[in-house]
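The following features are taken from Swiss-Prot:
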DOMAIN    2-118  domain 'MTTase N-terminal'
BINDING   C11, C47, C81  [4Fe-4S] cluster 1 binding site
DOMAIN    141-370  domain 'Radical SAM core'
BINDING   C155, C159, C162  [4Fe-4S] cluster 2 binding site
DOMAIN    373-436  domain 'TRAM'
Amino acid sequence: MPKYYIITYGCQMNKSDSEKVAGILENLGYTPSEKMEEADIILLNTCSVRERAEEKVFGKLGELRKLKKRNQNLLIGIFGCMAQRMKEELIEKFPHVDFVLGSYKFTELPKILESLDGKKKVVLAEDIPSPQDVDFRVIKRENKFQAWIPIIYGCNNFCTYCIVPYLRGREKSRDPEEIIREVEYLASQGVVEVTLLGQNVDSYGKDLGNVDLADLLVEIHRIPRIKRIRFLTSHPRDVSDKLIRVVATHPKVCPHWHLPLQAGSDRILRRMGRGYTYSEYKALIEKIRAEIPKASFSTDIIVGFPGEEEEDFLATRRALEEIKFDTVNLAIYSKRPGTPAANYEDLIPYETKKRWFDELENLQRKIIYEKNLSRVGKEEIVLAEEVNPKNPRELSGRTENYRLVFFEAEKELIGKFLLVKITEARLWSLKGEVIREVDL
């Protein structure tokens with residue numbers, strides 16, 4: 001039987017897309033290959049959010065050139081956001097690539113594979129990407145107890161730095177009944193935790209008119225075998241009081257919020273087109289904490305946006321000190337072709353951006369370690385997810401607040417909920433001891 005190998009770059013939505021592609025290929029008779037060198041088809045699911053993500057793909061394509069020389073029958077395909085952005089340019093730069101599929105076009109994979117003859121190159125990408133769903137029963141999930149579930153595609157916000165709306169299209173919500181059918185099916189297959197995905201997940205239902213994310217969470221909460229529900233990514237401007245109340249009053253909905261701040265300076269937030277001020281963002285955090293005291297928060301911060309000055313950077317630093325996020329994803333600004341910010345000329349020298357980045361990273365290290373220290377001695381319910389690759393005697397899993405915990409346990413407990421006593425604080429994780437298995 002022919003073998004496939006998929007390499008995934010980027011966000012959780014890309015991970016979900018790769019699971020769909022794996023399911024499509026297995027439906028065609030392919031089996032997964034543990035080693036890239038032994039595969040008959042290699043697919044790269046790509047990301048264009050930052051230049052560095054694209055550079056990783058270029059490096060991998062250079063590596064695959066050598067593999068193709070050794071095996072002329074090897075098929076190499078590229079899909080995802082980078083494929084949507086570059087289209088034919090990828091074939092021109094890397095002639096050993098056989099096909100390029102833009103956003104959502106991986107659904108055409110069966111036809112593409114049938115049409116390839118070893119000489120013909122295929123590029124399939126729409127100017128305006130339009131989502132196409134895959135039968136959820138054929139999706140090859142990464143594991144048997146957790147599942148990604150896209151509920152809304154695209155984004156309407158058009159932040160000045162972001163290329164995603166151009167590559168993923170406008171917002172399009174999935175039918176709520178179809179989503180519920182998918183969750184019910186997954187529950188019947190043993191899934192206990194679902195994560196609802198969207199580039200802007202709390203915009204769900206705006207284009208449908210009669211449902212929103214809060215309504216959907218309530219419906220999924222009614223499904224008995226589902227024990228945990230997560231959702232991401234949220235735009236701060238779209239978090240409603242209704243959504244906060246639903247998270248507060250429905251115990252299966254994890255009280256973890258991913259709310260990208262991007263900057264603590266109102267001037268830079270305006271330039272980014274984020275649609276809120278720092279004081280409005282902070283008020284939202286305070287409102288959530290007042291209603292959900294155990295809520296945790298992660299965020300994204302862009303360092304060195306064009307025109308950023310020292311006082312803007314210091315405002316962002318103060319924001320991190322005031323809010324004390326549980327996780328901060330820091331990124332140095334990366335110019336993306338076709339976005340309004342790509343035309344801004346007041347660029348920041350790399351040395352300045354790196355200094356600011358290092359300063360924020362060091363600050364966040366202190367904050368997260370202090371937060372982790374405060375967990376020592378407490379008991380947490382953890383879903384055991386996988387064997388620790390650095391220590392086969394340990395498993396790792398996450399709390400409802402998305403804190404990573406390592407603990408000694410047999411691998412047979414993977415997929416189970418465990419009561420774990422936290423015994424040690426580490427920089428990015430916690431260490432614990434299993435007390436017992438729990439039935440939620």
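Indices start at 1 and increase along the chain as displayed.
Cβ coordinates are placed from backbone N, Cα and C, and glycine is handled just like the others.
Features as recorded by Swiss-Prot, highlighted on the structure.
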| residue | record | Cβ neighbours (10 Å) |
| --- | --- | --- |
| C11 | [4Fe-4S] cluster 1 binding site | 19 |
| C47 | [4Fe-4S] cluster 1 binding site | 21 |
| C81 | [4Fe-4S] cluster 1 binding site | 28 |
| C155 | [4Fe-4S] cluster 2 binding site | 22 |
| C159 | [4Fe-4S] cluster 2 binding site | 22 |
| C162 | [4Fe-4S] cluster 2 binding site | 21 |
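Report note: the [4Fe-4S] cluster 1 site is defined by C11, C47, C81, and the residues of the same chain whose CB lies within 8 Å of the CB centroid of those residues, excluding them, are Y9, G10, M13, N14, T46, S48, V49, A53, G80, M82, V164. What surrounds the [4Fe-4S] cluster 2 site, by Cβ distance within 8 Å of the Cβ centroid and not counting C155, C159, C162, is the set N157, F158, Y161, I163, V164, P165, Q199 from the same chain. C81 ([4Fe-4S] cluster 1 binding site) falls within a helical segment according to DSSP.
In the predicted structure, the domain 'MTTase N-terminal' (2-118) carries a mean pLDDT of 95. Cα of C159 ([4Fe-4S] cluster 2 binding site) to Cα of C47 ([4Fe-4S] cluster 1 binding site): a span of 17 Å. A Cα-Cα distance of 14 Å separates C162 ([4Fe-4S] cluster 2 binding site) from C11 ([4Fe-4S] cluster 1 binding site).
C155 ([4Fe-4S] cluster 2 binding site) and C11 ([4Fe-4S] cluster 1 binding site) are 14 Å apart (CA-CA, integer value). A separation of roughly 16 Å, to the nearest angstrom, links the Cα atoms of C47 ([4Fe-4S] cluster 1 binding site) and C155 ([4Fe-4S] cluster 2 binding site). Calculated from their C-alpha atoms, the gap between C155 ([4Fe-4S] cluster 2 binding site) and C81 ([4Fe-4S] cluster 1 binding site) amounts to 13 Å. Per DSSP, the domain 'MTTase N-terminal' (2-118) is made up of 62 helix, 23 strand, 32 coil.
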